[in-house]
Amino acid sequence: MTTANDKMQGATGLSTEALLERIATLKKEMNAVILAHYYTVPEVQQAADIVGDSLALARAAEENSADVIVFAGVYFMAETAKILNPGKLVLMPDDHAGCPLADSCPEAEFRAFREQHPDAIAITYINSTAAIKALSDITCTSSNAAHIVEQIPPEQKIIFGPDRNLGTWLSKKLDRDMILWQGYCYVHDAYSEVYMIQAMAKYPDAELIAHPECRDEVLRHASFVGSTAALLDYTVKSPSQSFIVATEPGILYEMEKRSPGKTFIPAPKDPANPRSVCTQMKQNTLEKLYLCMVNRSPEITVDKALREAALKPIKKMLDMSA
Ligand code: 13P
Ligand code: SF4
């Protein structure tokens, strides 16, 4: 399906510089804030006021005083911003940029899953739809998941979803059984141990760092595991000069910017499954960002009843990770 902004793609004929200038002007005129995830293309990160991980962007969406939030990320991120700010106009450069992990957890099946475990609470990764959040007790991100699970009494059963790899990593780290929904991110799940070991042998001085959406067979070789923001912070603070980075390569832009002398090697792809780029994040082009501000569309909307139900676990997360 094409959106209005897809049709106009390339139609402006504007250079990157001109687009950046016009976006900056529109931002002032509209009293807008531009939030972008680290996996978006470098020029979109340049245009943004705040670039961050899911938690930082949710907090920024909650705390800003702008009238308009322009969200360059995937759909659940903009939807979360709207849930937190029902009175604001929330725009996305391309509202077809969904997160396949979030979309892999249908509402009816998750409800049935919960019914199979009536004595369990549900902690749900923020990479989920509003409908799944509405069926959950607490949301979390990869930044605060461990901190949130640690606050739940040990005798309390927990359903964790939709990402099985993050759930497995948490279970091992915290020595805590959880009932896992079997979803995964196609980008992170595509990394495999054999190619990671080869890369570590090829670059013996480089540290392997990884996002917890990777499989356990990869994570167990990593010297550090964390959210995109935590990985970035680690590369700044670590005395190491080179890193093999097992997460979506969009993050390399900010890593190179913050540590200009260091070397960042994208983790190798499995030739049989070379899907290590999040194509949905890359749908946020600079031109679509500009056009969504000009057109004040696509606008993200969330039905009131759904919004109120989904807000509760998001608020709980923000309170528990304050
Ligand atoms: P972060 O919260 O670590 O930025 O992760 C978001 C995401 O979608 C990872 O694939
Ligand atoms: Fe979703 Fe994976 Fe893309 Fe993150 S990298 S937005 S989890 S598809």
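Just so it is clear, glycine is given a Cβ too, placed from its N, Cα and C backbone atoms.
What TrEMBL says about this one:
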BINDING   HIS37, SER54, TYR125, ILE126, ASN127, SER142, HIS211, PRO212, GLU213, THR228  iminosuccinate binding site
BINDING   CYS99, CYS185, CYS278  [4Fe-4S] cluster binding site
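Annotated features, which come from TrEMBL, shown on the structure.
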residue : record                        : CB count, 10 Å
HIS37   : iminosuccinate binding site   : 26
CYS99   : [4Fe-4S] cluster binding site : 21
TYR125  : iminosuccinate binding site   : 29
ASN127  : iminosuccinate binding site   : 27
CYS185  : [4Fe-4S] cluster binding site : 26
HIS211  : iminosuccinate binding site   : 29
GLU213  : iminosuccinate binding site   : 27
CYS278  : [4Fe-4S] cluster binding site : 24
Of TYR125, CYS185, GLU213, CYS278, binding-site residues neighbouring ligand 1, Cβ under 6 A: CYS185, GLU213
For ligand 2, pick out the binding-site residues HIS37, TYR125, HIS211 that have a CB under 6 angstroms away from one of its atoms. none
I want the residues beyond CYS99, CYS185, CYS278 whose C-beta is within 8 angstroms of the mean position of the [4Fe-4S] cluster site's C-beta atoms, in chain order. VAL74, PRO100, LEU101, ALA102, ASN127, TYR186, VAL187, HIS188, GLU213, GLU248, GLN280, MET281
Rounded Cα-Cα span from CYS185 ([4Fe-4S] cluster binding site) to GLU213 (iminosuccinate binding site), Å: 7
10 Å Cα neighbourhood of CYS99 ([4Fe-4S] cluster binding site): matching binding-site residues from HIS37, ASN127, HIS211: ASN127
Over all pairs within HIS37, SER54, TYR125, ILE126, ASN127, SER142, HIS211, PRO212, GLU213, THR228, the annotated iminosuccinate binders, what is the largest Cα to Cα distance, rounded to whole Å? 17
C-alpha spacing of TYR125 (iminosuccinate binding site) relative to CYS185 ([4Fe-4S] cluster binding site), in angstrom: 12
Restricting the comparison to the binding-site residues HIS37, TYR125, ASN127, which residue's C-alpha is spatially nearest the C-alpha of CYS278 ([4Fe-4S] cluster binding site)? HIS37
Need the DSSP three-state call for HIS37 (iminosuccinate binding site) to compare against my parser. strand
Three-state secondary structure of CYS99 ([4Fe-4S] cluster binding site) from DSSP? coil
